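Colleague: Sending over a structure as structure tokens; questions will come in a sec.
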Amino acid sequence: MPKKGLLARLGIEPFIILMCLKGAVAPTIALAMFQADAVAGYFVTIGYVIGIISVLAMPIMPRGKFVQGVLLNLLGLSFGAAVGVLALWSAYKAREHTQSRPSGYNSSQSAVAGIWLFVNIWFSNFLRARNPSLNLPVIVYTILVNISATYSPLMTSVPALEAFMKQLYTAMLTAFGLAIGVSLLILPTSSRMVASGQLKGLVMLLRGIVQQEKAYLESLEREDMFAQSKRDRDATMKKRKNQKKATPNSQAEAQAVKETIFKIRELFGKIQVDLPFAQREVAWGKLQPKHFKHVTALLRDVVIATSGIGTIIDIFQRIAERRGWVTDENTDLDLLSEKLEEKRVWNSVMKQLHDPFRILAEAIDQGLEHAGIVLELLPKPKSAARKKSKDKKDKAEVDVEAKGDLVKPGDDEFANILRSKLRVFHTVRKQILQAWAREIGLAHDHAEDIDIFSKNEEKHRNERQHLFILLYIETLMQAAGIAVLKLVEYADNRTEDGTMAKNRLIVPKNKKLKQWITSILENQDRSQDQNADLFDPGLAVVYTGSGFSKKDPEHLLPTTAWQRAGNVLRKISRVISSKESAFGLRVACATMTIGIVAFLEDSHVFFQEQRLVWAMIMVALAMTQTSGQSIYGFFCRVGGTIVAMVVSLVNWYIVNGKTPGVLVFLFVFLSVEYFFFFKYPAYLQASIICIITHVLIIGYELQTAKLGIALSERNGQPYYPIYELAPYRVATVAGGCFVAFLWTIFPSPVTDRTWLRRDLSATLFLLAKYFGVIKEKMRVTLDGVEGGDSKIKGTLAHTLTKQQRRLSAKLMLLLPSLRQHAEFQKWEPTIGGAFPRETYEDIILRSMRINSYLTLIEHTIDNPAYSSSNGSSGDGGSGGGLSSTWMRAMRRLLAESHQSQDDIICTLVMLSNALDSGHSLPPNLPSPQPYALTRMLEEMRDSQGNRKGLELLDAKHMTDSGYAEFAVLQVCSTLICDDLKGLAADISDLVGVVDFSFQVNDSRDANVGGILRRQDDGSSSSSSTGDGSSTVFEEAARHGARQTTARQGDGDTGGGGGVDVEKRAKHD
């Protein structure tokens, strides 16, 4: 293995260095060109604005994103200039009609300008909150409106205001022109290049996770897979540390697998956001937009299968918890013996499967490498790597394995080698599993033996559980291999049809351009095409559908023209009272808190002299919708400004203020600052404010040096040397950020904790929709009706598949966003009771797991492993008949378990509503049974009354098409039901459970008053439903569900000691 270079050891990529240099070019050119007499003579005192706007234009973004951003920015800038002229003109007209002297302060002019400023800030930020893609255009628009409105009191003639606006508008247009030139001409970076880099990163992560999962499965041959600390939210930190110290070596492999899976999901979510930009742009390349879409879809199948293999870690943890195997030094010897026996069984099985796993892991790794090489995502191997192959060409006959040594990834015949390795894996693992099943008695030759064996239910269930989990692992591994094989075949087809032969001009179709325009204007699925600009905190906003929106129970649908006109008025009212409008109002109030100084007679001169307009601009940059982001951003921005002050002083005095040296070191320092921008996204806000403040300070000083002090003070702003100006800038930025923070929490805070709760509610609702679509897709697929083929456009199955992918993409974006909110909420001060952080983190974790299991069910139904493997589906020709038998059996099972499936959807929706509204959950919510499918299949009989289902479950049919799919469904449904119970327990902790139970306290003394008591003894109003089914709150009861006793009546009834019972419902 070659040694890593210095940059690689430091974690620095050459591409990042180039982008840092590119980012410093535009502001350096902007300040350098001001040294020309013509430029300085035209822009005079606002020349430094060019450098600042060139930074905000973000020429470092990929071309597709940059073009979209610059078009929106220019649109916002032009609209802002028009509004600015109108505002200045109308304010001047107010002066003209009320002035008593030709110059000086005029209250009417200031009042009109203030009104224009307030309304513009409110409306623009209302749009910004509704559509995140308008984030940066609104900031540019706000900068122009702030500057123009605060200069309004100084305007004493129409030519003066027109000249000022023309000068400001031209300066900002010049900045965007510079940014366009830098983006397109200097180290141009296309969105296709970024997408290709992300796909390359995904391929490398997938290759890494395959090796890590192989290492984990190998560790199961010797380690204790059940040794994992119990998930107990009430455990102390000390106890957790002690448990962590006791974890065996296998947990290191498990933790590595979990971390890599999280990185894969995070990167795949970014790919889904960036891919549309790569498909829209005009480019010079080989792959068409549709090819990027197909490759991403094929890699999605690999991601699903490989991530699914990682869930085996969670399965072993749950087995240990269910059976009480979370052991310590005080564990009972019998329990410890039972656990050790189970460990021995698993160690033995995993040893036998070592070679098949190794073969498949090697095949998947090489297949990913081959696809990356052919699609030019990965570099081609060096010729030296072929030396061993050349030495073996003289062999006349070679078997499959020998040929596999000759053919390497990137060769034409590699797909055949990969296909043969998958066939070997299928054959070897079938033989091993069949031998193991017969050894422990899971496979029988006669039906009578099956009936006898099934009588020992506990042992039977545990051993069948072993089989199902093994089939679960191997089915997912084979699914990963098949998905990689499809990717390899697709890559080879692109070579055969000439796609990869030469570069060509790629022009997007009109459909893509139409979709782009629609995505900007529509208010749905905003996260799919958001601008992803420098102020994007990484929080996704997804459209959950009309079903999640609250209905109006006081109005029916309009039926007349008069009613429809009334609905329009009601919509206007809803818009004004919406949370987006409230955010715009907060920003407007925060802006006017500083801006009012510019419109008062006694302070407007102070406002201009101290350059407080930049504090107003900081409000636009720093204002966020939640307090957690605001507090975190406040510290980041102030810290970044302090760093900029220090760097600016060094930048200036290191060359004693000489302009050429200042510009050279400005380029150097900006490149370093951009490095932190790229390398540490968590401190992105600090980095960008540091860059802007640095350009602002140096730009003003260079401008003064060029114009002279007298001319630079013509706009009413006194000259400050850099050692005074830099601290002033720090104070200005800190003041603006502090005002933005105050108006985020005043008059009532909008917290990240509230957003986290709402987003979790939306996540659970989307999971319910996702499961509903999967349920319907399973029905259509298994029924074998005409619309059951998802590959035929227009069919019901095809429509459901598209809906599945859409919901999966939303969840893929939303779930990482929940972690962002969870991180931001840590910055929020807690007033009152503590925030139940661990409960929310557990809800996030369970939601992510349910999403993973649902995705596995979807993938299993859409891609049956054995029918796609080109291998035999069974022994002795029995596979074909039993395949149709399994299809009929599963169709019947799904029909009989219809109620359980509806229970899952019902539970998710009710949990979502409870979390969103804060209302308590209802009692006795039925829970779907995890082992219901197996039990129903055991009881299934044919027309002659024979227990056909029990025979189907016999392990001798494990290689039949349908058996492994049933095992995956059984395992996934068990895990989903288990997490549903955990979700119910968590949410019941947060919102409580409505308790309708009561207790009668009888007394012979009629004058004794009634007593209202709470019982905290762990009792619950939930009870058995009578048919053996449990409720999701049986487990929640131990978390403190309380009962409220009834009150005794105060009066006698007929002279006796009668009791008047009042039945009450009370929230926990």
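All positions are counted from 1 along the displayed chain.
Cβ atoms are placed via backbone N, Cα and C, with glycine included.
Got these off TrEMBL a minute ago, pasting:
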COMPBIAS  227-237  compositional bias 'Basic and acidic residues'
COMPBIAS  1018-1031  compositional bias 'Low complexity'
DOMAIN    20-99  domain 'Putative ER transporter 6TM N-terminal'
DOMAIN    105-321  domain 'Putative ER transporter 6TM N-terminal'
DOMAIN    606-743  domain 'Integral membrane bound transporter'
REGION    227-252  region 'Disordered'
REGION    1009-1068  region 'Disordered'
TRANSMEM  12-34  transmembrane segment
TRANSMEM  40-58  transmembrane segment
TRANSMEM  70-89  transmembrane segment
TRANSMEM  109-127  transmembrane segment
TRANSMEM  134-156  transmembrane segment
TRANSMEM  168-187  transmembrane segment
TRANSMEM  583-600  transmembrane segment
TRANSMEM  638-655  transmembrane segment
TRANSMEM  662-678  transmembrane segment
TRANSMEM  684-705  transmembrane segment
TRANSMEM  726-746  transmembrane segment
Colleague: On average, what pLDDT score does this prediction assign to the domain 'Putative ER transporter 6TM N-terminal' (20-99)?
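Modeller: Overall, the domain 'Putative ER transporter 6TM N-terminal' (20-99) comes to a mean pLDDT of 93.
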Colleague: Within the same chain, where does the transmembrane segment (134-156) have neighbours whose Cβ lies under 8 angstroms from its own Cβ atoms, ignoring anything closer than 6 residues to its ends? I mean 6 or more beyond.
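Modeller: Distant contacts of the transmembrane segment (134-156): 53, 56, 58, 69, 72-73, 75-77, 79-81, 83-84, 87-88, 91-92, 95, 102-103, 105-106, 109-110, 112-114, 116-117, 120-121, 124-125, 127-128, 164-165, 168-169, 172, 530-531, 533-536, 591, 595, 598-599, 604, 607-608, 613, 616-617, 620-621, 716.
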Colleague: Might you confirm whether the transmembrane segment (662-678) is in contact with the transmembrane segment (583-600), defined here as three or more C-beta pairs under 8 A between residues 6 or more apart in sequence?
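Modeller: Counting Cβ pairs under 8 Å, fewer than 3, so no.
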Colleague: Helix, strand, coil: count each for the residues of the domain 'Integral membrane bound transporter' (606-743), based on DSSP.
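Modeller: Secondary-structure composition of the domain 'Integral membrane bound transporter' (606-743): 115 helix, 0 strand, 23 coil.
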Colleague: So, by DSSP, how many helix, strand and coil residues make up the domain 'Putative ER transporter 6TM N-terminal' (20-99)?
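Modeller: Per DSSP, the residues of the domain 'Putative ER transporter 6TM N-terminal' (20-99) fall into 69 helix, 0 strand, 11 coil.
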